[in-house]
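Annotated features in Swiss-Prot:
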- 1-150: region 'Actin filament-binding' (REGION)
- 43-65: compositional bias 'Polar residues' (COMPBIAS)
- 43-167: region 'Disordered' (REGION)
- 132-145: compositional bias 'Polar residues' (COMPBIAS)
- 152-161: compositional bias 'Polar residues' (COMPBIAS)
- 422-521: domain 'PH 1' (DOMAIN)
- 559-619: zinc finger (ZN_FING)
- Cys565, Cys568, Cys590, Cys593: Zn(2+) 1 binding site (BINDING)
- Cys582, Cys585, Cys611, Cys614: Zn(2+) 2 binding site (BINDING)
- 643-740: domain 'PH 2' (DOMAIN)
- Ser702: phosphoserine (MOD_RES)
- Ser716: phosphoserine (MOD_RES)
- 745-766: region 'Disordered' (REGION)
Amino acid sequence: MEESNPAPTSCASKGKHSKVSDLISHFEGGSVLSSYTDVQKDSTMNLNIPQTPRQHGLTSTTPQKLPSHKSPQKQEKDSDQNQGQHGCLANGVAAAQSQMECETEKEAALSPETDTQTAAASPDAHVLNGVRNETTTDSASSVTNSHDENACDSSCRTQGTDLGLPSKEGEPVIEAELQERENGLSTEGLNPLDQHHEVKETNEQKLHKIATELLLTERAYVSRLNLLDQVFYCKLLEEANRGSFPAEMVNKIFSNISSINAFHSKFLLPELEKRMQEWETTPRIGDILQKLAPFLKMYGEYVKGFDNAVELVKNMTERVPQFKSVTEEIQKQKICGSLTLQHHMLEPIQRIPRYEMLLKDYLKKLSPDAPDWNDAKKSLEIISTAASHSNSAIRKMENLKKLLEIYEMLGEEEDIVNPSNELIKEGQILKLAARNTSAQERYLFLFNNMLLYCVPRFSLVGSKFTVRTRVGIDGMKIVETHNEEYPHTFQVSGKERTLELQASSEQDKEEWIKALQESIDAFHQRHETFRNAIAKENDIPLEVSTAELGKRAPRWIRDNEVTMCMKCKESFNALTRRRHHCRACGHVVCWKCSDYKAQLEYDGGRLNKVCKDCYQIMSGFAESEEKKRRGILEIESAEVSGNSEVCSFLQYMEKSKPWQKIWCVIPKQDPLVLYMYGAPQDVRAQATIPLLGYIVDDMPKSADLPHSFKLTQSKSVHSFAADSEELKQKWLKIILLAVTGETPDGPSEHLDTLDNLPGPKEKSEC
């Protein structure tokens, strides 16, 4: 029977009650102090001895500000009810009904904090006969600070307490243990005297917590299966039966989800629930999970049709308004958690790897001689095989999610969302312009079957790009180029377009070349007819071959690499002779030499401007003029630069003329001659210097440029200046050999004529 409790104490009567309390303490003859001393002694002897409510109410000497909690009267009322039901037993110790208890109740009414601490300091009071005392738990939880409360809330949400599942007997105890595991707290830790004593977890406790986690995650999983089976599937099937779309489509999307749901909700989850209630006598889970093995075939069927199911959802959403309307209506509900149907369809795929992870953790803590060892090990072997298939499907789903993100970044204009498309690499890069010397910012998306060459566009939210060119992997070739002015460059040559790109570093360049080449190799392995299409890097020409003219986009020679027309060799100027590019070979030509048009296959057969030579080849006409025999000046710069002893830009001055920047080359085929060009791609040299017999002076005067040297012979004086001392020494090393008739590879055939010359060796020594 409930005892009558004193009315709540008002603020106005606090002083009066405090006087009454003082009088009671005075007439008890120091009972307060003695009680406090007894508590200290008892706590020192045994920290785990349960304390009476009176003792706990007097141990706290420092008042604390606590969060809102139930009133002391309410707590006492609940406590009295429990005492009446269980023979006035609290924590296994008889609670004496005496005048001292009445006085304690009065003190509790005056000091709610002490009563709250009383409940908090009694760990066993949280459970009475295996059932949680909710009132006491609420009081104990109020002792923790706001950080612990937030952590507890997060833990509860993680455990799936809002899944809408019916509560089972014993579940509150299991959930509390998992909550303690995640928060790093225990009910005993609430006692101030126990705060400095850390209890190390035993292996048995760790195994129990793993089993508890398995149970709680299984509950959450069953809830998601119910969402797929009982909500999405049923609602869409109802709409299909109205004739909005074929019911067969719905069955293909959800496959055998109903069978999977029935197995987990009617067999596996109840088995785990029962086992956790019997854990004290049967601490094992391996035997239950081993029963899962025959049903993994259901997951194999689901995984096999997963790609097609996701693609079908995408197509139905785009093409069938009724399908889109039903799915969006369900996705707005709270139970969906703001996730799409595709995300929930991934749940069965993710569950098998989850079993594998928990079993691995379980076996690490389990002793090899434990009764559950063999069952757990067999279960892990079977589940690991199924998990490998699920992981593959997960990777595909993640790739599909990434494709959707890129699809949005490209303004939803490129149809790239396809399970067969796989993103290999993406990133910023610079594109070297052919019209000028600037490097333009670009962005590349490399897939397993194509390269998207994109231009950034302005966007207030996120990164947005416009696709400039789509280059297919089929027929693509990669060339590592070397350019002193533009480091870290490489060339991507495809049927649709050829791009000269500049990476941010040598490492970035190597990563791009590796990714591109691996994509090309993988593509040709999938298509055996192209297995011989990949040539070695040294065999890949920088220019389009005659047979490929019009079929493959050429690399455009940059404007600043030539000073004259690459066909007629006339010098360019800004007014009367401007630069034009042949769309077939990429050469820079003048307007006279580019006054032709031809259909180019790589551009869809459209007419494009081409040079005279390409027009004659593509039209099938023979050359109208026989090529004249080339003189020494008509050797192309690119021809000798690619096979030279040394080549670079140098500053050059002859006699009293001003300094000018020229491209200098000493070719391997003619190592005793210095060729001077206006630019690296010129087809005609401006001048040549036979080096044999020249005197080298590498001591510049104060008026000369730094890092300069001179070549003198009779009245001819040629002054050169390099950009660095290292480059200067590189040139001098080759020139000092050439002026004596020697070559870097050994004595030259011209050495026989040196005896007839007036001592060039002596003159060249510096």
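The chain as shown is numbered from 1 upward.
Cβ from N, Cα, C; glycine included.
The local packing around Ser716 (phosphoserine), expressed as other Cβ atoms within 10 Å of its Cβ over all shown chains, amounts to 11. There are 22 other Cβ atoms within 10 Å of the Cβ belonging to Cys593 (Zn(2+) 1 binding site).
Geometry remark: Cys593 (Zn(2+) 1 binding site) versus Cys611 (Zn(2+) 2 binding site), CA distance 5 Å. The residues of the domain 'PH 2' (643-740), classed with DSSP into helix (H, G, I), strand (E, B) and coil, number 14 helix, 43 strand, 41 coil.
Secondary structure from DSSP puts Cys614 (Zn(2+) 2 binding site) in a helix. Cβ contacts within 10 Å of Cys585 (Zn(2+) 2 binding site), excluding its own Cβ and spanning all protein chains shown: 25.
Other Cβ atoms within 10 Å of the Cβ of Cys611 (Zn(2+) 2 binding site), summed over all protein chains shown, number 28. Close to the recorded Zn(2+) 2 site, the chain also has Leu549, Arg583, Ala584, Gly586, His587, Val589, Ser594, Val610, Lys612, Asp613, Tyr615: residues not among Cys582, Cys585, Cys611, Cys614 whose Cβ is within 8 Å of the site's Cβ mean position.
According to DSSP, Cys593 (Zn(2+) 1 binding site) is assigned to coil rather than to any helix or strand. Shown are the binding-site residues Cys565, Cys568, Cys590; the one with the most C-beta atoms within 10 angstroms of its own C-beta is Cys565. Across the fold, the C-alpha of Cys585 (Zn(2+) 2 binding site) and the C-alpha of Cys565 (Zn(2+) 1 binding site) stand 14 Å from each other.
Across the domain 'PH 1' (422-521), DSSP classifies residues as 16 helix, 50 strand, 34 coil.
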